[in-house]
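This report concerns only the one structure given below.
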């Protein structure tokens, strides 16, 4: 199983949006049995709180539910548990290195690192722009899934040649 973790500051806006967008993508491609996808916070500020209203509403527009999701904090042991760990901005990356340790960075990436235009994903908690955040997260999840489908040995072992990404 390929394990993917998305992280942001509070786990109420960006990282749960990425978690559920990615779950929707792999489900629509018939790949759910190959993936374990989750999200968490680098901080303790929002632990136990539900997903932000703006994120819930944005995902609802695409038929994606986040029911039952509450903010949790990442743990140091999560580095061993997950194959890919994605932050949304450089502040998240800094905090991830503090949590996991300075020598545990191989699995850490910005969500948009694999896109044609690598960049940070703005926090809609501050910008109020859930549309932009959704577009960036969707792009990031698409490019991450494409990367996994072309480079991950577990995926290739199960499917051999690349299963079409745009099914």
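Heads up, the Cβ atoms here are built off N, Cα and C, so glycines get one too.
Small disclaimer: the values here were computed from a predicted structure and weren't measured.
Per TrEMBL, the feature active site, nucleophile maps to 8. Taken residue by residue with DSSP, residue 8 (active site, nucleophile) is part of a strand. Annotation for residue 8 (active site, nucleophile): spatial neighbours 14, 15, 39, 41, 42, 87, 88, 89, 92, 123, criterion Cβ-Cβ under 8 Å with sequence separation of six or more.
The active site feature in TrEMBL is assigned to 14. There are 33 other CB atoms within 10 A of the CB of residue 14 (active site), with all protein chains counted.
Marked as active site, proton donor by TrEMBL: 123.
Annotation source TrEMBL lists domain 'Phosphotyrosine protein phosphatase I' at 2-147. Looking at the domain 'Phosphotyrosine protein phosphatase I' (2-147) alone, the prediction's average pLDDT is 98.
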(request) Please state whether DSSP places residue 14 (active site) in a helix, a strand or coil. (result) helix
(message) Please count the residues of the domain 'Phosphotyrosine protein phosphatase I' (2-147) that DSSP assigns to helix (H, G, I), strand (E, B) and coil.
(response) 67 helix, 24 strand, 55 coil
